[in-house]
Amino acid sequence: MAGLLHLVLLSTALGGLLRPAGSVFLPRDQAHRVLQRARRANSFLEEVKQGNLERECLEEACSLEEAREVFEDAEQTDEFWSKYKDGDQCEGHPCLNQGHCKDGIGDYTCTCAEGFEGKNCEFSTREICSLDNGGCDQFCREERSEVRCSCAHGYVLGDDSKSCVSTERFPCGKFTQGRSRRWAIHTSEDALDASELEHYDPADLSPTESSLDLLGLNRTEPSAGEDGSQVVRIVGGRDCAEGECPWQALLVNEENEGFCGGTILNEFYVLTAAHCLHQAKRFTVRVGDRNTEQEEGNEMAHEVEMTVKHSRFVKETYDFDIAVLRLKTPIRFRRNVAPACLPEKDWAEATLMTQKTGIVSGFGRTHEKGRLSSTLKMLEVPYVDRSTCKLSSSFTITPNMFCAGYDTQPEDACQGDSGGPHVTRFKDTYFVTGIVSWGEGCARKGKFGVYTKVSNFLKWIDKIMKARAGAAGSRGHSEAPATWTVPPPLPL
């Protein structure tokens, strides 16, 4: 009996061990559940579990409320949600001038650095010289984060500390209208309106593609002799209208022939090229000329008291090609006779020489081998990129030179215009920026005119004009190197 009981118990135990816990195969409609991830919504105590960013919003789409559960901070939630909802609006760095971008839903917000405002921090709230010249009529400089305006000789700052008001009847850098015009302190009555000029459209010019061959001496032909036969002249352009080129001076030799140009700086001083002083032993300076074959009553010839040539002038390279003439008698400013303004160095280089164009004038030849022009001509020429200028030239372009002109249009300075003015207009006032120096031919394709860069010599010019003409002690001055020469008297 006992043996039978043990047998029954053993069979029962073995049967329980050998019976499977469940079916090995599941029905088709239940098989997909084996690898299915359990959702939080279906998990135990869902609402009391701490939020998880990956589980809530990356593994599946989440709501703003679910994102808020993750961060438990309104600012962090908003920052995440703005990117999560529609992408990062700050990805393109829309905020300018070091502004900080904050992403939003379908938008962004810029926090601007000090001194800037606007949707993209694009507007400056402070005046700077690089933005509209700081609002200044003429010279602009920045001191202690503030703009300081100043004016050329013959002007004073207006009550607004921005405008420049003339204190002279014929202020520098202004076109003259003649005797009938009224004189007043306001500069608008002292000059022709610029809209009356027939300028080329600067928008059609490319400083690096349109180049002009403004030349002094033709470097590929024999150098100029005593008669000045190889000096530079204007090709193309147009006649200077009444009062348009009042700062033009003409150097005239003993044969009463013009051989070089010059720029009137004030009643006693005229700026020209150093190489012009090698073209004639004796010469006078004529001002007021618009037609050398007609007398209009404004012409006047002045004898030269002293010539001041830069002592570092190099005849072979035309480096330091600059000279100043002091006249024996003062120039009387009148119709067609007025000075051009001298700029400040930094302002000239940052503002004037970054303009699109300048103006050159003279009585030069009308083409490379043509006759001299009897009428004063002017030509608007674009500034040329320095690297383009250097690549186009067969000769060295030194730091004391710059290029201007066209490479395709048949317009240029040519033989006879050497030493003449290159001026740049800024707000209807004209400032001296260059001296016609040299070039390769006249209006040759792909060649540029080369000018003396006046901004490099402004201190030198200033010291020359402040010195007494007969001051022997000024000769060889270290700060104003120059060769002082008193020309022989002209024959009666």
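The first residue you see is number 1, and the count goes up from there.
Backbone N, Cα and C define each Cβ position, glycine as well.
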If you check Swiss-Prot for 4-carboxyglutamate, which of E60, E189, E254, E303 comes up? E60
Pick from Y84, Y200: which one does Swiss-Prot list as sulfotyrosine? Y200
Which is it, of 31-51, 346-366, 472-492, that Swiss-Prot names as region 'Disordered'? 472-492
Swiss-Prot annotation, disulfide partner of C129 among C112, C121, C140: C140
Of the residues D73, D86, D103, D417, which is given the (3R)-3-hydroxyaspartate tag by Swiss-Prot? D103
Entries of C90, C121, D321, S418 which, being recorded positions, have CA atoms within 10 angstroms of C276 (disulfide bond): D321, S418
Most Cβ neighbours within 10 Å: which of the disulfide-bonded residues C62, C276 is it? C276
Of the active-site residues listed here (H275, D321, S418), which is spatially closest to C245 (disulfide bond) when Cα positions are compared? S418
Which of the recorded positions C95, C110, C260, H275 has its Cα closest in space to the Cα of C164 (disulfide bond)? C260
Cβ neighbour count (within 10 Å, all chains shown) around C112 (disulfide bond): 20
Can you tell me which of the active-site residues H275, D321, S418 is spatially closest to C101 (disulfide bond)? Compare CA atoms only. D321
